[in-house]
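> Look at TrEMBL and you will find CYS14-CYS44, CYS24-CYS34 tagged as disulfide bond.
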Amino acid sequence: MASGWGITGNKGRCYDFWIDFSECMSRCREPKDCALLREDYFECLHHAKEFRRRNRVYKEEQRQIRAAARKAEEAEGGKESSHH
């Protein structure tokens, strides 16, 4: 990765993030000064935040689908009891 070459022979997808992080680390007083750039670089490599967000969105969609199904069952159950 540090070479800058990606798997296809072009510039790696995270190389620009690596350069920013590396330059920061070479001129900072404390490594924590570069924490946001490190975070950006690691997100580019691993997509952890993206996957967590996708998972939260998926879980919320499933929760809404289940809630709608329960509401439909309750409404249908109410219709049957009102006809008798």
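Here the Cβ of each residue, glycine as well, is placed from N, Cα and C on the backbone.
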> Cα-Cα separation of CYS34 (disulfide bond) and CYS44 (disulfide bond), in Å?
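Between the alpha carbons of CYS34 (disulfide bond) and CYS44 (disulfide bond) there are 16 Å.
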> To the nearest whole angstrom, what is the C-alpha distance linking CYS14 (disulfide bond) and CYS24 (disulfide bond)?
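For CYS14 (disulfide bond) versus CYS24 (disulfide bond), the Cα atoms are 16 Å apart.
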> From the Cα of CYS24 (disulfide bond) across to the Cα of CYS44 (disulfide bond), what is the distance in angstrom?
17
